[in-house]
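Record features (Swiss-Prot):
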type    : residues   : note
BINDING : 175-230    : ATP binding site
BINDING : D302, E315 : Mg(2+) 1 binding site
BINDING : E315, N317 : Mg(2+) 2 binding site
DOMAIN  : 145-348    : domain 'ATP-grasp'
Amino acid sequence: MEKLRVGIVFGGKSAEHEVSLQSAKNIVDAIDKSRFDVVLLGIDKQGQWHVSDASNYLLNADDPAHIALRPSATSLAQVPGKHEHQLIDAQNGQPLPTVDVIFPIVHGTLGEDGSLQGMLRVANLPFVGSDVLASAACMDKDVTKRLLRDAGLNIAPFITLTRANRHNISFAEVESKLGLPLFVKPANQGSSVGVSKVTSEEQYTIAVDLAFEFDHKVIVEQGIKGREIECAVLGNDNPQASTCGEIVLTSDFYAYDTKYIDEDGAKVVVPAAIAPEINDKIRAIAVQAYQTLGCAGMARVDVFLTPENEVVINEINTLPGFTNISMYPKLWQASGLGYTDLITRLIELALERHAADNALKTTM
């Protein structure tokens, strides 16, 4: 059987660039090489695309704090539409190896916000993960919360700040509505980039300024007292949920360094030590949230479980990490689906959805 060529797109012009490199390394290592050939498509921090050498594409590959994309002499351009060669050498216009399906693992801005997905749709390339709308909606925490709330799902109370209204809403008003502590977040960032915990007006001002360094819109959330539970969802029209896992923190909250740099910052417990009926309740809510946002392929749904066993949805991540400590693959391993089989299934789901999309009528 002829192997499929899988283009793994990674890196990106994002605050989560290094996280993406870690995820790509693990996917390359785990992919079923008897079924798939890998084409590495690395994006540097300036947004330039490169074809990378699979044997030597990372610097400091085993050091999360210093991992980097190795410079490549071959930069590429993409040719939209149905062509024999979708990728060409940007320097000389010569065709580059074709790909059958794209596995995007570009976390954060321009990677999981619908931008990359839109480009791949225009190129008529199958790709792993959610489509444009779901990707954009889940990336924007303000939009996510509004859609979940309208669907009757439980979310933390919040206020949205923009550059236009931020000075019209005082700290006293925010505290009166949401109480303390607060969490201040850029609306369109992941991996806790630019997130602060706030317990005073002085901290609030600093936190809002920091969040606006990363986005034009900022979310201020009520702090929820509860356990941090995560659930993995997999599928297109009939998604399935994994068993649940828990993030047990040794720090104040799940910050970027806690997730990816400090090995002692948090403990990942899979499966979570919760009652079976609570596990099933969270799994059902995760699937409902996934379908509400129109997700496909995969997503990780993060919730808080309060002492009263109330489930409060925190966020939905449509391109969850595949790093050594990432919860998404661990949850499926605990549910009986190994790392290699998970990657294979994600590729299959991408091809299935692409075939269904191409079967739709485009003319009257």
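Cβ atoms are placed via backbone N, Cα and C, with glycine included.
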>> Helix, strand or coil by DSSP: which one applies to N317 (Mg(2+) 2 binding site)?
In response: strand
> Cα distance, K217 (ATP binding site) to D302 (Mg(2+) 1 binding site), nearest Å?
Replying inline: 21
> When you measure from the Cβ of L182 (ATP binding site), which residues in the chain that are at least 6 apart have a Cβ under 8 Å away?
Replying inline: V174, E175, K197, V198, T199, Y204, A207, V220, E221, Q222, G223
>> Give me the long-range Cβ neighbours of S196 (ATP binding site): same chain, 6+ apart, Cβ under 8 Å, in sequence order.
In response: F183, V184, Q203, I206, A207, L210, A211
> Can you check what DSSP calls E175 (ATP binding site), collapsed to helix, strand or coil?
Replying inline: helix
>> Please report the distance from the Cα of Q189 (ATP binding site) to the Cα of N317 (Mg(2+) 2 binding site), rounded to the nearest angstrom.
In response: 11
> Among the binding-site residues E175, D302, E315, whose Cβ has the fewest other Cβ atoms within 10 Å?
Replying inline: E175
> Just counting, how many other CB atoms are there within 10 A of the CB of Q189 (ATP binding site)?
Replying inline: 23
